[in-house]
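**Q** Take a look at this one; I'll ask things after.
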Amino acid sequence: MFINRWLFSTNHKDIGTLYMIFGAWAGMVGTGLSILIRAELGQPGSLLGDDQIYNVVVTAHAFVMIFFMVMPIMIGGFGNWLVPLMIGAPDMAFPRMNNMSFWLLPPSFLLLLSSSMVEAGAGTGWTVYPPLAGNLAHAGASVDLTIFSLHLAGVSSILGAINFITTIINMKPPAITQYQTPLFVWSVMITAVLLLLSLPVLAAGITMLLTDRNLNTTFFDPAGGGDPILYQHLFWFFGHPEVYILILPGFGMISHIVTYYSGKKEPFGYMGMVWAMMSIGFLGFIVWAHHMFTVGMDVDTRAYFTSATMIIAIPTGVKVFSWLATLHGGNIKWSPAMLWALGFIFLFTIGGLTGIVLSNSSLDIVLHDTYYVVAHFHYVLSMGAVFAIMGGFVHWFPLFTGYTLNDTWAKIHFTIMFVGVNMTFFPQHFLGLAGMPRRYSDYPDAYTTWNTISSMGSFISLTAVILMVFIIWEALASKRVVKSIPLTSTNLEWMHGCPPPFHTFEEPAFIKSSIK
């Protein structure tokens, strides 16, 4: 029974739960790695050993957080749980493929972990640039194992993307159009399209790297007529859409949370929100070379990528101001989920502003590969994606489990996390402006003060992570059941009670639409 339910599952709720548990576990691994990084950088001098082991930790931290924490939780966990409920579908379009998408992840994770245990590990950074990732600078199996890990994670995501696109397009009730589906459903569909279009390019790039390393090809080796810059183009054509893949489902969740706790029936500017997400998805594909301003592109190319990158700020601004407009005049309930959403809006906006700074190719020449970039993307990921995940988790926890969290503990947890991440990443802007480069395990004494503060902040965040484990335990142990959830036209996922039955919408849903 246990094996049939959890190993061979074809139920979107169970698979969503598996994704959540896997993502939470991977998140702890990733947090542990980040603590190692900050412990090393907490003061000058060496802690872990040489820079190779340090860079292996940095690389693993990035891969674990991106491919095994944020994506499985947002797309696999929340996506699987909520999309069928929100559109009134009995399950996903391809339930067995859904199961395979999940079970490709543990082997992928295993390959990534084993890559750090053989030879010297893959100390390439998550970008895996040749020639550093070639078979001279990284002899041995480490990088090959990392590449295979990425292949598996990529196949998992592509299959999941196909599944979500098919589900969302084909499994809505006949009465509703795509423009009547909730914003979270939209965000997952756009994310799935981005995955489907970008991951094959990554697969091509890392497969060429694999053959360069093992089969004597020279795709990225100038000695044989190749070009390492080609790899960078292929990688970032995936890598930039990837960062939007990480944040778009968060946009969808934040829209739901802000609407719900403002006491509104619908988010402000629904069509504008949809348009903004589609624009971000499209523009995300034509700005990739802003990661490569230092490789010697000519001035016209840099001018284009600077302008195109700045244009993304417009749809992003539409979203931020629409969230603020949704709040406006509302009867605001200061629940923990609302705090996460407000924290998201504030900190994501700061991250966006530093992104606008970095989009200037001339400035980026100076700031590229400094801690300013690290601060920028951790503001949008560690405080954008993670805050959205936390907000979504505390908001939908009663739906997933049938139990309520302790409000006071949840608010304390938010406060500790908020202080921790800001103390960790705000000083890194100063380090970057002062010229401290990324991916080094040591630094001149002049950088000590801000690094020490940053490392203290990371330990505060660690206590928040540990407290969250306690909060979830407390909720599951106390078993406070949900009384009732006020239903509006925009939160139909609660319709079947908390938690919903194993099978929902076994008969096709009938939607009586009053939208003109």
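Each residue, glycine too, has its Cβ placed from N, Cα and C.
The shown structure was predicted, so the numbers you read here are calculated from the model rather than taken from an experiment.
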**Q** Of the residues H233, H240, H376, only one is listed by Swiss-Prot in the Cu cation site with H290, H291. Which is it?
**A** H240
**Q** Hey, in Swiss-Prot do F268 and S335 share a topological domain, i.e. the same side of the membrane?
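**A** Going by Swiss-Prot, F268 and S335 are on the same face of the membrane.
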**Q** E40, G45 bind Na(+) according to Swiss-Prot; which of S382, S441, S454, S455 goes with them?
**A** S441
**Q** Among the binding-site residues H240, H290, H368, which residue has the fewest other Cβ atoms within 10 Å of its own Cβ?
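**A** It is H368 that, of the binding-site residues H240, H290, H368, has the fewest other Cβ atoms within 10 Å.
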**Q** Nearest by CA distance to H290 (Cu cation binding site): which of the binding-site residues is it, out of H61, Y244, H368, H376, H378?
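**A** Closest by Cα: H368.
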**Q** Quick one: DSSP breakdown of the topological domain 'Mitochondrial matrix' (401-406) into helix, strand and coil?
**A** 1 helix, 1 strand, 4 coil
**Q** Hey, for the Cu cation site built from H240, H290, H291, who else sits with CB inside 8 A of the CB center?
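**A** For the Cu cation site the neighbour list reads W236, G239, V287, W288, A289, M292, F305, T309.
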**Q** Which binding-site residues from the set H61, Y244, H291, H376 come within 10 angstroms of H368 (Mg(2+) binding site), judged by C-alpha positions?
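**A** Those close enough are H291.
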**Q** For H376 (heme a3 binding site), which of the three DSSP-derived states applies: helix, strand, or coil?
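**A** SS state of H376 (heme a3 binding site) = helix.
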**Q** Before we move on, state whether the transmembrane segment (371-400) and the transmembrane segment (228-261) share at least 3 Cβ pairs under 8 Å, counting only pairs 6 or more apart in sequence.
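**A** Contact confirmed: at least 3 Cβ pairs fall under 8 Å.
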**Q** Within the chain of H376 (heme a3 binding site), which residues six or more apart in sequence place their C-beta under 8 angstroms from its C-beta?
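**A** Those within reach of H376 (heme a3 binding site), by Cβ under 8 Å and sequence separation of 6 or more, are G351, T354, G355, V357, L358.
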